[in-house]
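The next block holds one structure in the form of C-alpha cells; read it before the comments.
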Amino acid sequence: MTVILERRESTSLWGRFCNWITSTENRLYIGWFGVLMIPTLLTATSVFIIAFIAAPPVDIDGIREPVSGSLLYGNNIISGAIIPTSAAIGLHFYPIWEAASVDEWLYNGGPYELIVLHFLLGVACYMGREWELSFRLGMRPWIAVAYSAPVAAATAVFLIYPIGQGSFSDGMPLGISGTFNFMIVFQAEHNILMHPFHMLGVAGVFGGSLFSAMHGSLVTSSLIRETTENESANAGYRFGQEEETYNIVAAHGYFGRLIFQYASFNNSRSLHFFLAAWPVVGIWFTALGISTMAFNLNGFNFNQSVVDSQGRVINTWADIINRANLGMEVMHERNAHNFPLDLAAVEAPSING
C-alpha cells in the first residue's frame, strides 16, 4: 500500500487573515470594506441607542435654549430624536476630546456629529462591500450602483446640506418628528415642492412602488400550476429549479391587452433593469436637488406672476404655497430670529421685474 502525504503550505498569520476576510464561504461576507463598515456602523448604532434613551437637552440654535430629544427627558418614540449639533459649533469637527468636558460635549450636541459621520462612512463601506462581494462571485456590479441612491440621499441631508448652510445644526434630526420638522423647514426656506428634481424623485418613489406592485401581482397571477388546489402554490417551486416558475407570455398578453401592446415588456432582462433604474434615477435626482438647494439654488418662484389689466394680482397655487412657506418660516426657530429672512430684507425683492 502506498501512502501519499501532501505537504500543507505554511501561510503567515496575515495571509490567513486576508483569506478569511475575502472568503465567500463565510456565513456573512466581511471583505475589506467590511473591516471599516463593521466598527463604524456599530459605533453609530450604539451611540444612537444610548443618546436616544439618555442624552441631555442640546442647545441646537446656540442661544442657550436647550431642546430635549431623549426618552429620559420626556420624549416618546415619535417625538424623540438625536438633536443636531449646536449652531455654536457650526461646521467644526467636534469629537469628545475637543470639548472641555463630556457635559459640554453633550450640551453642544456632539453625539449627532459622531453618529452621522460614522453612519455615512458605514453605509458608503456597505455599498463598497456589495461591489466587492459581487466581484468575488463574478457577478455584475449593479447592486452597489442601485444602493448608491439611498447613500446619496443620506449624504445630501446629513452632510451636503449642513455644509451649504454653514452648520450641522441645519442637518436632519435623527428621529420621526425631527424628520418632519426638517421637511417643513426645508419647504419654507427652499420651496422644494417647486423644484423639478424633487418632482422627479416623487415620480421615482411612487412610480417604483406602482411598478413593483404591478410586477409582483402579474407574476403571482401567472404562476405555472405545479400543485393541487389543496396545496399552497408556493409549494410548486423548488429552489434552483431550471424551468420558469411563471408564464411571462401570459403576463405579457394580459398587460398588453389591459393597456396596449407596447406598454408591456417582452424581455425579462429589460423589464428588471427598468424596475431597478426607475426609482434609483429618481432618488439620484432628489439627492442632487437637496445638494443644490443646500447652496440656496431653490425651487421655482412663480409668486404673483399672474396679474389683471389693472395690475392687480390674481393668486395662483404658487401664491398659496408661498403664504404657507412664510407661515412655516416665521414659526420655526422663533426665538432665534425676529423675522424670517424674506421679511427682514431692507428692500422688498422684485417680483414682476
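Yeah, the Cβs are placed from backbone N, Cα and C, and that goes for glycine too.
Per Swiss-Prot, the features are as follows:
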BINDING   His118  chlorophyll a ChlzD1 binding site
BINDING   Tyr126  pheophytin a binding site
BINDING   Asp170, Glu189, His332, Glu333, Asp342, Ala344  [CaMn4O5] cluster binding site
BINDING   His198  chlorophyll a PD1 binding site
BINDING   His215, His272  Fe cation binding site
MOD_RES   Thr2  phosphothreonine
MOD_RES   Thr2  N-acetylthreonine
SITE      His190  site 'Stabilizes free radical intermediate'
TRANSMEM  29-46  transmembrane segment
TRANSMEM  118-133  transmembrane segment
TRANSMEM  142-156  transmembrane segment
TRANSMEM  197-218  transmembrane segment
TRANSMEM  274-288  transmembrane segment
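Annotated features taken from Swiss-Prot, shown on the structure.
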| residue | record | CB count, 10 Å |
| --- | --- | --- |
| His118 | chlorophyll a ChlzD1 binding site | 20 |
| Tyr126 | pheophytin a binding site | 19 |
| Asp170 | [CaMn4O5] cluster binding site | 23 |
| Glu189 | [CaMn4O5] cluster binding site | 20 |
| His190 | site 'Stabilizes free radical intermediate' | 22 |
| His198 | chlorophyll a PD1 binding site | 22 |
| His215 | Fe cation binding site | 17 |
| His272 | Fe cation binding site | 12 |
| His332 | [CaMn4O5] cluster binding site | 14 |
| Glu333 | [CaMn4O5] cluster binding site | 16 |
Worksheet entry | Length of the line joining the Cα atoms of Glu189 ([CaMn4O5] cluster binding site) and His118 (chlorophyll a ChlzD1 binding site), in Å | 28
Practice prompt. Calculate the distance in Å between the alpha carbons (Cα) of Asp170 ([CaMn4O5] cluster binding site) and the residue listed as 'chlorophyll a ChlzD1 binding site', and round it to a whole number.
Written response: 18
Worksheet entry | His198 (chlorophyll a PD1 binding site) and His190 (site 'Stabilizes free radical intermediate'), distance between Cα atoms, whole Å | 11
Discussion item. Considering Cα atoms only, can you say which of His118, His215, His332 is the nearest neighbour of the residue listed as 'pheophytin a binding site' among these binding-site residues?
Written reply: His118
Practice prompt. Calculate the distance in Å between the alpha carbons (Cα) of His272 (Fe cation binding site) and His198 (chlorophyll a PD1 binding site), and round it to a whole number.
Written response: 24
Worksheet entry | Spatial separation of Glu333 ([CaMn4O5] cluster binding site) from His118 (chlorophyll a ChlzD1 binding site) - C-alpha basis, Å | 28
Practice prompt. Determine, using Cα-Cα distances only, which of these binding-site residues is closest to His215 (Fe cation binding site): His198, His332, Glu333.
Written response: His198
Worksheet, complete the sentence: Rounded Cα distance, in Å, between His198 (chlorophyll a PD1 binding site) and His332 ([CaMn4O5] cluster binding site) is 22
